[in-house]
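Taken verbatim from TrEMBL:
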BINDING   19, 36, 107, 108, 109, 124, 193, 194, 195, 210  iminosuccinate binding site
BINDING   81, 167, 255  [4Fe-4S] cluster binding site
Ligand code: 13P
Ligand code: SF4
């Protein structure tokens, strides 16, 4: 199956991008595996004609916004992000009207229509930089992740109005889960993604995006780590640091949407050049501005 994918990939002049939460076999056939920011950068820079996005819908949509001349494929059309669905463009317009003069910072985990209603995007790896770059005299509305927003607010000292969204995979991790793991592996450091609840993030030895967590674990002198993010990251952690020990903080840290992509679907998608993700030109133009503001800072 992998060979057939590689052969067809060449014929189509395609590039396969995969998020770190994808299944191991998908990460292994990808040309590039990374966090949300790195994947957007790859999508913006690639010279391929076709981008096969192994991730969730908002990620493929960002690729289509950044590279409208390319064919963007999402092998599993139903792979969405429940957190991205927690804010709609209409609800955001209403909130902006209520708040008056406000700058909207949108986590990339949002639809193109929501990005189009926002001023600047961010990912978990550049959120602190993005928020710190904003003028002090205007209120900030941060959408949609209240947990990530809380972490940024504490890191930057900037007060922000939070949307009440969350990732239901990360938000499931509790203080009790972490304490249980810590008493089982007392020598291990606890690494957390900022999509976890504030009280869980509080317990972490290090907090960062998926790529940030991998870099830290590889470079650290410590040899054991409790991982507070989606289980797909364990594959790259074990590849990059085979002599170290990694324990998932809870067996529930699985994003079902990220697991929908299979090798069969990638192959089918390359054969048919479907399902394609496109963004309506008017929405695209405005959403592009929010993404470009972010990329310019990266
Ligand atoms: P990062 O890879 O940017 O840390 O994103 C995490 C995530 O939940 C993506 O859906
Ligand atoms: Fe969305 Fe959370 Fe899944 Fe990421 S891990 S795609 S934020 S539900």
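Heads up, the Cβ atoms here are built off N, Cα and C, so glycines get one too.
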May I ask which of the binding-site residues 107, 193, 255 have a CB within less than 6 Å of any atom of ligand 2, listed in sequence order?
255
Could you check which of the binding-site residues 107, 109, 193, 195 is the closest Cα neighbour of residue 81 ([4Fe-4S] cluster binding site)?
109
DSSP on residue 195 (iminosuccinate binding site), three-state: which is it?
coil
Around the [4Fe-4S] cluster site formed by 81, 167, 255, which additional residues qualify by having Cβ within 8 Å of the site's Cβ center?
56, 82, 83, 84, 109, 168, 169, 170, 195, 230, 257, 258
From the Cα of residue 19 (iminosuccinate binding site) across to the Cα of residue 255 ([4Fe-4S] cluster binding site), what is the distance in angstrom?
12
When the Cα-Cα distance from residue 167 ([4Fe-4S] cluster binding site) is computed for each of the binding-site residues 19, 107, 109, 195, which gives the smallest value?
195
Select the most exposed residue of 19, 193, where exposure means the fewest other Cβ atoms within 10 Å, treating these as the binding-site residues.
19
Once near-sequence residues are set aside, which residues in the chain of residue 107 (iminosuccinate binding site), 6 or more away, have Cβ atoms under 8 Å from its Cβ?
83, 121, 122, 123, 124, 127, 142, 143, 144, 145, 148
Coarse DSSP state, helix versus strand versus coil, of residue 109 (iminosuccinate binding site):
coil
